[in-house]
Amino acid sequence: MTTAEANDTIIRVRGLRTQFGSHVVHDGLDLDVRRGEILGVVGGSGTGKSVLLRAITGLDRPAAGRIEAFGTEVLDASAEERARLDDRWGVMFQDGALFSSLTVRENVEVPLRRIPDLSPELRRALAELKISLVGLPYRAGDAYPSELSGGMRKRAGLARALALDPEIVFLDEPTAGLDPIGASAFDALINTLSESLGLTVFLVTHDLDTLYATCDRVAVLAEKRVLVTGTLADMLEVDHPWVQEYFTGPRARLARAADRPNAETEAD
Amino acid sequence: MGTQGLQVERGESGPEEVIGLSGALTVQHLAALHAELEVAPPHALIDLTGVTRIDTAGAWALAEFEQRVSAAGGAVQYRGATEGAELLLSTVRRAMPIAEELPARPGGIHALLETTGRRVMGAAGFLGGLLEYLGLFLAGLFRVMRHPREFRFTSLVAHCDDVGLKAVPIVSLMAFLIGVVLAFQGATQLRQFGAEVFVVDLIAISVLRELGILLTAIIVAGRTASAFTAAIGSMKMRQEIDAMRTLGLDPVTVLFVPRILALLLMLPILGLIADLMGLFGGALMSWIELGISPSMFRTRLVADVDVSNVIVGLVKAPVFAVIIGVVGCHAGMQVKGDAESLGRMTSSAVVTAIFAVIVADALFSIFFAEVGL
């Protein structure tokens, strides 16, 4: 139990196998998530990026394999262990997955209700802080999810995921469907939050700009497993057609060029 | 985490009050921390040396304390804060929400009048919308008559199968049971007067004039109006309707006309089936319960019950069909982008269709009574 905490690997996936009927999505997949990093999970459509996220957070049960989070076996966790895990991670789903019958503030208050002696005023104040932290205006707190734009819903979803100050957040396609300005604002938000809150981020994405702007490490899903993990610079060395195509294609070159000004400051 | 609780020590040191915080400044201990920082001294020095963990909730409590101290003209200083804590504090300080007064909602009689007015206008707009769709359907129907080639015959047949053929079992069973119930109830009442034989008139007239077609229309409203709304609504949600328009296809001709036309053709047939099954159920029950043989039932039926009853019943069918179809298609087109509105419109289509059918039936009754049919 302490070994996982000691070397700062907070999530350890070993030999994961998931399948739907006879369709095998992952087979023998291994992955480590280290404390404090922003890990980008990329892969072609249908390589099971979101399925991996769902397996780690215990939403889908894999056919075989072990998943260890904070030293707890996710698959064999008792109800209490699950509840403790749920406090330590937050998940932001693709479209925010906000409860449509509650306002944004009430949505953020939902996880806070689990804290026993928090008065309604404090709960409200904390929810307002979280809403402001993710860059939403004060008024958005009183709006219902259907009244918000896609980008604002994603931010609200992130605010709810952050409500209990989790140690790791799982973000499923955080910038999908956002315009470039909204997307880079979201990238900046992820960076700021990860830095100032010491947050570990597990980021499923298609967006090369997001990868270059935020990620410390990248895990590439292909051939039913994690083909390779490493920094973005490492990816250029990988001799695999898909990885080559992905990281050296025209879009990747643009994203890399856009990121270069920041690269120097991040290096030291 | 959370194993060490929160400890607070307060002491004076010159003009400043020293507040020593140690342990976990986390959301679990926020209530205690907030209570401890309730009283704001003029100047404060917060010692964070003993803090093992701090999260946004703890940082919020400190930032909020700062706000109160500085509002009173004082200042807060920190000692022993880790780099992470400093960063967190400054992030939270920047993000401290500034409360905005929201425009007050008008209350009392004014609001009541306003909602009433809006509802009335909404209902009027809804009726207008239904009439508009009726007009669209009729216009589409005439267009199709003039250019029969534009019409999708396959689609009409498929909808007829869906709306008509697949509804036959449920409609038959319902009508049969209604006949049985009428015969049974009629028999117990009429027996008191020794007038059992009039049960034939009772069953025939009530089934043929009213119940056969009305209950069929209600079942079809539940089955088909909801199906129309769900089908058209989900197409609207996925922008298929917009795609059709850009491809030069008219949603009225492609979607509404075949559906409503199928209902128009099938509902009279379903009504006729319901009439027959109702009479069959009634005859069967009369035979068992009252000993009225099928041949006697037939004789009385032919002798006493005018064929005008059947006509009065079935003449309503096309009107009901158009009502159900138009309500279903209209509701489908009102669906917005989310699944919630699809569900809401589907159930509202069923309620509206059933209600409208009953209202139309009542109007027919008054009309037939006036003209003496």
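Glycine too: its Cβ is placed from the backbone N, Cα and C atoms.
Fair warning: this is a prediction, and the values are worked out from it, not measured in the lab.
Across the range of the domain 'STAS' (B:45-102), the DSSP-based residue counts are 29 helix, 15 strand, 14 coil. Residues or ranges marked as domain 'STAS' by TrEMBL: B:45-102.
If one looks beyond the transmembrane segment (B:120-142) by at least 6 residues along the same chain, the residues whose Cβ comes under 8 Å of a Cβ in the stretch are 250, 252-253, 256-257, 260-261, 322, 325-327, 329-330, 333-334. Taken from TrEMBL, the feature transmembrane segment applies to B:120-142 (among others).
TrEMBL lists B:163-184 (among others) with the feature transmembrane segment.
The transmembrane segment annotation in TrEMBL covers B:211-233 (among others). Below 8 angstroms of C-beta separation, residues 162-163, 167, 170-171, 174-175, 178, 182, 241, 255, 259, 263, 267, 270-271, 274-275, 278, 313-314, 316-317, 320-321, 324-325, 327-329, 331-335, 341-342, 345-347, 349-350, 352-354, 357-358, 361 of the same chain, each at least six residues beyond the ends of the transmembrane segment (B:211-233), sit close to that stretch.
Only residues 6 or more beyond the boundaries of the transmembrane segment (B:254-287), in the same chain, are considered here, and those with a CB under 8 A from a CB of the stretch are 133, 136-137, 140-141, 144, 151-152, 155-156, 159-160, 162-164, 167-168, 171-180, 182-184, 187, 199-200, 203-204, 207-208, 211-213, 215-217, 220, 224, 228, 232, 235, 241, 244, 293-294, 297-298, 301, 310, 313-314, 317-318, 320-322, 324-326, 328-329. Sequence annotations record features per position, and here TrEMBL assigns transmembrane segment to B:254-287 (among others).
Among the features that TrEMBL reports, transmembrane segment is placed at B:307-328 (among others).
Beyond the transmembrane segment (B:349-369), the same-chain residues lying 6 or more positions past its ends with a Cβ under 8 Å from any Cβ of the stretch are 210, 214, 217-218, 221-222, 225-226, 228-229, 312, 316, 319-320, 323-324, 327-328, 330-332. What TrEMBL records for B:349-369 (among others) is transmembrane segment.
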